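*Asks:* Quick one: the structure is below, and I'll ask about it shortly.
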Amino acid sequence: MRTFSTLEGLPVIDVGSGNEFGAVLDLICDEGRVSSIVIDKRGWLNRHYLIPIEEIHSIGNDGIMVSDLQKLHHYTEAEKHRLHLKHGKNQFRGKLLLSEEGEKLGLVEDVYFNEELGTITGYEVTDGLLSDLIEGRKVIRGGGKLVVGKEKAILSI
């Protein structure tokens, strides 16, 4: 099980050549799973690419290994409207997470997911800095349907 915070900034490396392609920038989520990783390709043009989670060879503590760079896709304008964790027009980090029963769960900070299937298994939430220092952050088990609006997200638990 991984969290986005452990992946952010990790190099994406081609297994065949050993060359670094770029670094992890964001996650894209669809229907309760991480579907793709957004990669920031270093260079003058600073382009972004996507790799579907199932096309990743392996995820280690020090890098994400990709066996076929042909599986990477250009990040298009349409991608910006998909559900992102941290960037894009439709992001859910920092949004208030509510249960279907109307209970405040906290502000979304991170996601826990199965690195092989991409299935989201939990959401790390915060009640603010003071609460984080005293009690720590909470992890809400995932698996239910997530609906993300402009200001709030609703999770069926």
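Cβ atoms here come from the backbone N, Cα and C positions, even for glycine.
Here's the feature list from TrEMBL:
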- 4-69: domain 'PRC-barrel' (DOMAIN)
- 90-137: domain 'PRC-barrel' (DOMAIN)
*Asks:* Can you tell me the mean pLDDT for the domain 'PRC-barrel' (90-137)?
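*Replies:* That region's mean pLDDT is 88.
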*Asks:* Looking only at the domain 'PRC-barrel' (4-69), what are its DSSP counts of helix, strand and coil residues?
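*Replies:* The counts are 8 helix, 35 strand, 23 coil.
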